[in-house]
Amino acid sequence: MASITLTPSEKDIQAFLEHYQTSLAPSKNPYIRYFLKLPQATVSIYTSGKILLQGEGAEKYASFFGYQAVEQTSGQNLPLIGTDEVGNGSYFGGLAVVATFVTPDQHDFLRKLGVGDSKTLTDQKIRQITPILKEKIQHQALLLSPSKYNEVIGDRYNAVSVKVALHNQAIYLLLQKGVQPEKIVIDAFTSAKNYDKYLAQEANRFSNPISLEEKAEGKYLSVAVSSVIARDLFLENLENLGRELGYQLPSGAGTASDKVASQILQAYGMQGLSFCAKLHFKNTEKAKKRLER
């Protein structure tokens with residue numbers, strides 16, 4: 001039976017209780033504040049602030065607090081560089097790529113901090129732990145602004161080759177800082193064949209072999225850290241761009257983005273949209289059609 005112990009913030013505890021309030025059950029243990037019987041798991045919230053999750057579904061419910069089980073592989077126990085990117089699926093905001101160097105002796109610290117794939121963490125949790133990660137973990141962060149993105153896409157780069165360039169540059173710059181990884185892992189966004197093809201046009205190269213692995217953020221803590229820092233960088237950029245234009249820019253590429261894009265287009269024209277959005281997305285044409293109604 002899986003057993004996970006966490007010490008989340010009181011705010012996260014209250015959010016969890018609100019979400020699963022129908023599963024609250026009585027407990028005779030005087031040290032348990034709240035007890036929940038959930039499908040495939042029980043959750044005990046102690047007066048000390050600790051939470052004990054038990055059962056087959058423990059990991060699922062622990063992910064609410066940012067916990068992610070990291071697969072134990074031989075590669076995990078090596079000094080390792082891992083990279084990930086955030087923003088490639090969002091119409092608004094730039095493209096953030098981060099490379100991180102993590103050694104095995106840092107694993108316990110990272111797990112206690114609650115590091116997992118940024119997709120499983122709330123934005124609030126990401127903003128909370130990123131300053132600590134940036135201070136303690138060697139990394140290299142790059143941000144391609146929307147305006148620069150629009151400048152290079154369709155000219156020298158496409159949506160895939162620009163990510164190859166950024167991942168390569170982040171790793172290259174991190175290696176220049178003197179780190180010595182025994183393995184380099186990229187959270188796969190294309191095939192190894194494609195990656196090598198686009199890499200050939202990059203000037204800055206290194207001899208270290210790389211490995212492209214799907215869902216690497218769940219296998220390697222270095223990739224998970226990169227995912228978190230990249231998400232924070234993307235969110236900060238999204239906020240700053242929106243503040244300059246006077247709009248709250250949504251993440252993603254849904255109808256909310258179409259609506260805000262049409263408003264920006266009406267207020268500032270294509271120049272304003274180019275400042276904050278990736279123009280080759282279909283949202284641009286959808287925003288134009290909204291103005292024609």
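Here the Cβ of each residue, glycine as well, is placed from N, Cα and C on the backbone.
The shown structure was predicted, so the numbers you read here are calculated from the model rather than taken from an experiment.
Summarising the annotation, Swiss-Prot assigns divalent metal cation binding site to ASP84, GLU85, ASP187. Secondary structure at ASP187 (divalent metal cation binding site), as computed by DSSP, is strand. Take the CB of ASP187 (divalent metal cation binding site) and look out to 10 A: across all protein chains shown you find 24 other CB atoms.
Look at Swiss-Prot and you will find 78-293 tagged as domain 'RNase H type-2'.
In this structure, ASP84 (divalent metal cation binding site) is part of a beta strand by DSSP. Looking only at other Cβ atoms within 10 Å, the busiest spot among the binding-site residues ASP84, GLU85 turns out to be ASP84.
Residues ASP84, GLU85, ASP187 make up the record's divalent metal cation site, and a Cβ search at 8 Å around their centroid adds THR83, VAL86, VAL97, VAL98, HIS167, ILE186, PHE189, ALA216, GLU217, VAL223, SER226, SER227, ALA230 from the same chain.
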